[in-house]
Amino acid sequence: MEPEMNQQRLYYFDWIRIFAFCLLILYHTGMYYVTWDWHVKSPDAGPAIEPLMILSSPWRLALLFMISGVATAFMLKKMRVGALLRQRSWRLLVPLIFGMFVIVPPQSYFEIVEKIAYQGSYAEFMQRYIAAYHGFCRNGDCLALPTWNHLWFVAYLWVYTMIGGLIAWLLGARLDAIGAALGRLLSGWRLIALPVAVLAAARYALVDHFPSTHALFGDWYNHAQYFFVFALGALLAMQTDFWARVESLRWTSLGLWLCSWALIVIYWSIPDALASTTEVLQWKPIMRAVYCVCQWTAILTVCGFGRRHLNFDSAKRRYLTEAVFPVYILHQTLIVTMAHWLKPVKLAPTIEGVFLVVLTFGISFGVFEVVRRIAVLRPLFGLGRTPAWPASGHPAQELAAQR
């Protein structure tokens, strides 16, 4: 099977990655307004937009990990494993450490201001933050400091890249044969059913014992699902026929995604008084499988429609491909900080939410415009030492370079 990288330029993966990171800004803004726990909460928080949040919550990070696997595979075609691991370590660990001690701390500060009425200054808080103070507690739940909060994705991606690089080094050329065999296996109904079965097996076996923590150690359910899709992306990156089948199944995937999403919304809308009854609990195992159908078919839908409609280049793609990682690093701190500061203004939630989204995009891209021009700042936000997007550059290289 001829690798897809020799057949066409895979611009659609860049666009999908841009879409997925932009979706995070909308999702994390939404977290301020729903009933689920978050760093800060709106006085008007309620369940109104939770069905829309559920529309993306099962799959948005899994999609990013899968695209990261694709990017890693393309990078391995261009450089040796050791060079890849060194580059990934520099481009991921430097922003992670910088983010943990410069970007993320305001999130924790405003969290304790709102949740436990902390009265100390930000400077006093930072002294405790750096000292790994664990005494900010509410109802027995203590804030672990320092923390990476939304940058957990970066830590996990670094670990998966290191593991993937080791596997690639051990298997060598056999990895291509494994990818080709997997691409042939995932055809017809198996393209949907087999990945869903793996995701469901992980959910059945692990989610009760290892609920999501994003703490890296002991977060076995998340590792099972996210490393699986990362590995799928890496193995299938070069398989032209596989991605063509994903495109041909895009409408089927869309239908399954929306149907499974509707079932999840109905299930989660059951009142608490009924949720613990036998009649409802007997549906729990089925709904776990439905969740995995929603997760995988959403990824197939996005990739299928992306391949169909987004396989083109433009100056916007080159600019946004470089911008999205710095914007990702900044966005959640901006949302938390501005939400806290806007609270006394008492805007209507709809107006306030629009303000938060627009300001987050605007300030994030404004900071990016500064960072991209100052060589010493570029590594702190995951950028190369020189501008990364020459017009003639291969899109797969561009995609991988910003992981």
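Yeah, the Cβs are placed from backbone N, Cα and C, and that goes for glycine too.
Where the annotation comes from TrEMBL, it is an automatic prediction and has not been curated.
The domain 'Acyltransferase 3' annotation in TrEMBL covers 11-367.
Same-chain residues lying 6 or more positions outside the transmembrane segment (12-34) and placing a CB less than 8 Å from one of its CB atoms are 40-42, 44-50, 52-53, 56-57, 60, 63-64, 67, 70-71, 150, 302-303, 306-307, 309-311, 317, 320-321, 324-325, 327-328, 331-332, 335, 339, 349, 353, 356-357, 360-361, 364, 395-396, 398-399. The transmembrane segment annotation in TrEMBL covers 12-34 (among others).
Nonlocal intrachain contacts for the transmembrane segment (59-76), taken as residues 6+ away from its ends with a CB within less than 8 angstroms of a stretch CB, comprise 5, 10, 13, 16-17, 20-21, 23-24, 27, 84, 87-88, 153, 156-157, 160-161, 164-165, 168, 179, 225-227, 229-238, 294-296, 298-299, 302, 394, 396-397, 399-401, 403. Sequence annotations record features per position, and here TrEMBL assigns transmembrane segment to 59-76 (among others).
Residues annotated as transmembrane segment in TrEMBL: 88-105 (among others).
Annotated transmembrane segment per TrEMBL: 153-173 (among others), in sequence order.
Annotation comment: TrEMBL describes 185-206 (among others) as transmembrane segment.
Here TrEMBL flags 226-244 (among others) as transmembrane segment.
According to TrEMBL, the feature transmembrane segment maps to 251-270 (among others). Residues of the same chain lying 6 or more positions beyond the ends of the transmembrane segment (251-270) and with a Cβ under 8 Å from any Cβ of it are 50-51, 54-55, 58, 192, 280, 283, 287, 290-291, 293-294, 297-298, 300-301, 304-305.
The transmembrane segment annotation in TrEMBL covers 286-307 (among others). If one looks beyond the transmembrane segment (286-307) by at least 6 residues along the same chain, the residues whose Cβ comes under 8 Å of a Cβ in the stretch are 12-13, 15-16, 19-20, 56, 58-59, 62-63, 66, 191-192, 195-196, 199-200, 203-204, 207, 225, 229, 243-244, 246-250, 253-254, 256-257, 260-261, 263-264, 267.
Summarising the annotation, TrEMBL assigns transmembrane segment to 319-342 (among others).
Residues or ranges marked as transmembrane segment in TrEMBL: 354-371 (among others). Through the fold, the transmembrane segment (354-371) approaches residues 25-26, 29, 32, 323, 326-327, 330-331, 334-335, 338-339, 342, 347, 377-378, 380-381, 383 of its own chain, all at least 6 residues removed from its boundaries and within a Cβ separation under 8 Å.
Counting Cβ pairs closer than 8 Å to the transmembrane segment (319-342), the top stretch among 88-105, 153-173, 185-206, 226-244 is 88-105.
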